[in-house]
Amino acid sequence: AVAAESSTGTWTTVWTDGLTSLDRYKGRCYHIEPVAGEDNQWICYVAYPLDLFEEGSVTNMFTSIVGNVFGFKALRALRLEDLRIPPTYSKTFQGPPHGIQVERDKLNKYGRPLLGCTIKPKLGLSAKNYGRACYECLRGGLDFTKDDENVNSQPFMRWRDRFVFCAEAIYKSQAETGEIKGHYLNATAGTCEEMIKRAVFARELGVPIVMHDYLTGGFTANTTLRHYCRDNGLLLHIHRAMHAVIDRQKNHGMHFRVLAKALRMSGGDHIHSGTVVGKLEGEREMTLGFVDLLRDDFIEKDRARGIFFTQDWVSMPGVIPVASGGIHVWHMPALTEIFGDDSVLQFGGGTLGHPWGNAPGAAANRVALEACVQARNEGRDLAREGNEIIRAACKWSPELAAACEVWKAIKFEFEPVDTID
């Protein structure tokens, strides 16, 4: 029934069935296995003919695969755990606007994770004060600052004013540090036309990157923005706001690894992926599974990490995972070890909550990162020696020492809801 409803079937036989080849177009369930430890749950493998899907359209793909079938009365629950995108279909998508290597070259930054900060409070600041916070963080040593997902164009801070003050912060901090800086200017809007207008203004300001909320904005809007960014040299940061409504429950909805694959096809250079160690949901092996699906060109099937199918992206550019949410300097060794160089480590309160101010908070993060990267390059074990590495760096960085003192007791020790077993 699931395969039929999402392909050629309906609730009764219809006379127009005779006008086409149902055998050619119908979906097929080709394997069923029980879920270990559950009496009434099964994993079903369903295959669909490629002719059912419009080329280059994530919107059409999801309308078929996760459409009406999820509302069937006959099903207590239904969850899409994974999907394999065959190369024949994935080649109809252009993928990320630029990809990891092109971003490295644009920023001229290599050999370490990138550092970011989400400006807080996320709502309520005036555009001028918002821009000031951006400048202080970038001047202190961060690579990026960021609009939060619900910063669009509200009465207290209209989008055009925010873009102007953030651009000023970028140029001023670049002149003082000699490094390329950026701010994720959120172009998400109520219409595609307005979204593109904001992206055009960002390009005219000469900033390197814009941002989109791809689930609330929609895949059609996201792919539209992706094409504009590719054509005009803008990097595209993606926020996954609303994902937990879809992916957090174990028995219904869709796993984030599916949303991650869809984003790679629709287009984005960064996407939030959880932290493993922070305040947001994310088991380590499962998170690393979909991080590999975002970054790597070829990923082998690995059920231990939740990867049900071997995925060949056929040289589609990779997406940089962004670790963000409840992280601070004590997490830096673990984040560096877990995510590696091709990642963005994004601290909001972990920068702006520094007792000495925003710039010292940024400096503390940069020193902690540089210390961890140096220790790793020297062959030290970050997982085992991480705290020792951070304490040693505190001796020559008073900003880091102050940050370590403030957050020494802050932990987020909750069991994840969505686990592999």
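A Cβ is built for glycine as well, from the same backbone N, Cα and C atoms used for every other residue.
Record features, source Swiss-Prot:
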| type | residues | note |
| --- | --- | --- |
| ACT_SITE | Lys120 | active site, proton acceptor |
| ACT_SITE | His239 | active site, proton acceptor |
| BINDING | Asn68, Thr118, Lys122, Arg240, His272, Ser324 | substrate binding site |
| BINDING | Lys146, Asp148, Glu149 | Mg(2+) binding site |
| MOD_RES | Lys146 | N6-carboxylysine |
| SITE | Lys279 | site 'Transition state stabilizer' |
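Ser324 (substrate binding site) sits 10 Å from His239 (active site, proton acceptor), taking the C-alpha atoms as the reference points. In terms of Cα distance, the recorded positions that sit within 10 Å of Glu149 (Mg(2+) binding site) are Lys122, chosen from Asn68, Lys120, Lys122, His272. His272 (substrate binding site) sits 12 Å from Lys146 (Mg(2+) binding site), taking the C-alpha atoms as the reference points. Sparsest Cβ environment among the binding-site residues Asn68, Thr118, Ser324 (other Cβ atoms counted within 10 Å): Asn68. Around Asp148 (Mg(2+) binding site), the C-beta neighbours below 8 angstroms that are at least 6 residues distant in the chain are Thr118, Ile119, Lys120, Lys122, Leu123, Asn186, Gly348.
With respect to their backbone Cα atoms, Arg240 (substrate binding site) and Lys146 (Mg(2+) binding site) stand 14 Å from each other. Once the Cα atoms of Asn68, Thr118, Lys122, Arg240, His272, Ser324, the listed binders of substrate, are compared pairwise, the greatest separation found is 37 Å. Annotation for Lys146 (Mg(2+) binding site): same-chain Cβ neighbours under 8 Å, separated by at least 6 residues, are Gly116, Cys117, Thr118, Ile119, His183, Tyr184, Met211, His237, Gln346. When Cβ neighbours within 10 Å are tallied across all protein chains shown, the highest count among the recorded positions Lys122, His239, Arg240 belongs to His239. Cα to Cα, His239 (active site, proton acceptor) and Asn68 (substrate binding site) are separated by 26 Å. Summary for the recorded positions Lys120, His272: the Cβ-based neighbour count within 10 Å is maximal at His272. Apart from the site residues Lys146, Asp148, Glu149, the chain places the Cβ of Thr118, Ile119, Lys122, Asp147, Asn150, Val151, Tyr184, Asn186, Met211, His239 no farther than 8 Å from the centroid of the site's Cβ atoms, the recorded Mg(2+) location. Taken residue by residue with DSSP, Asn68 (substrate binding site) is part of a helix.
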